[in-house]
Amino acid sequence: MPELPEVETSRRGIEPYLVGQTILYAVVRNARLRWPVSDEILTLSDQPVLSVQRRAKYLLLELPKGWIIIHLGMSGSLRVLSEETAAEKHDHVDLVVSNGKILRYTDPRRFGAWLWAKDLETSNVLAHLGPEPLSDEFTAQYLFDKSRNKRTLIKPWLMDNKVVVGVGNIYASESLFAAGILPDRAAGSLTDAESVLLVATIKAVLLHSIEQGGTTLRDFLQSDGKPGYFAQELQVYGRAGEPCRQCGHPIEIAKHGQRSTFFCRHCQH
């Protein structure tokens, strides 16, 4: 599933081709995504794009009359293509833009979403979200205070969007490894010092992944069709049984909340 770095990579990739341009109309080949494509998108015409933003794992296209909210789901990606580029099997939505380009949404598993909101404050999918991990709101003190008396395992707790947004399965495993913290500890066991280190590593891992264009494990592509290169730098995720790059001990795998967690028991405590 695309996580924060992949969504931010998509945002940065599509922004130069959309802002200041006009969406002439939308082509929806299959409206049956996780939720049906909103009617307002089906009938969209001649709408200038004011900004391209991101909140958590949602892309937000600001138009004069409201917002298009895009979620990439499990396997979605956005590409900027020439208008004459023929659609393929899993190309479900196009936005046709005044500069001769199209923004094409591809999603083999159709678990993404294209929604409409009159304003972001009334959007159900954006309600109750925690702070952005790269913002000044996400501090060691915030994380420490939030973790008090929490018996939930720290790794699934970090993936809770009410705690902090956008830290999905890949980056929770990678950040905990970088901080030297075992993922099966209770969140409430975090110390002050560990909170400082964990917040710093989450920010560093996410920023480095964004610089590398995100992580491509299966379906994700950048807006120019290239894969994300952070997959080549993964320390633990997807490496069960392989030697740890720091100590040589085998990377272990466990199931936490039906998600695979990767860690090194020798380097993490």
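The count begins at 1 with the first shown residue.
Just so you know, glycine gets a Cβ as well, placed from its N, Cα and C.
According to Swiss-Prot, the active site, schiff-base intermediate with DNA annotation covers Pro2, on the basis of sequence analysis.
Following the DSSP three-state reduction, the secondary structure of Glu3 (active site, proton donor) is coil. The active site, proton donor annotation in Swiss-Prot covers Glu3 (among others) and rests on sequence analysis.
If you look up Swiss-Prot, you'll see Lys57 (among others) marked as active site, proton donor. Here Lys57 (active site, proton donor) comes close to Pro2, Glu3, Leu4, Val7, His71, Leu72, Val165, Gly166, Gly168: these same-chain residues lie at least six apart in sequence, with C-beta atoms under 8 angstroms from its C-beta.
Summarising the annotation, Swiss-Prot assigns active site, proton donor to Arg259 (among others) and lists sequence analysis as the type of evidence. DSSP assigns Arg259 (active site, proton donor) to a strand segment in the three-state reduction.
Swiss-Prot lists His90, Arg109, Lys150 with the feature DNA binding site, giving sequence analysis as the kind of evidence. With a 10 A radius on its CB, His90 (DNA binding site) counts 17 other CB atoms from all the protein chains.
Per Swiss-Prot, the feature zinc finger maps to 235-269. Counting residues of the zinc finger (235-269) by DSSP class, helix then strand then coil, yields 0 helix, 12 strand, 23 coil.
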Intrachain neighbours beyond the zinc finger (235-269), with Cβ under 8 angstroms and 6 or more residues off its ends: 153, 155-156, 159, 169-170, 172-174, 176-178, 180-184, 217
Around the Cβ of Glu3 (active site, proton donor), the count of other Cβ atoms that are within 10 Å: 23
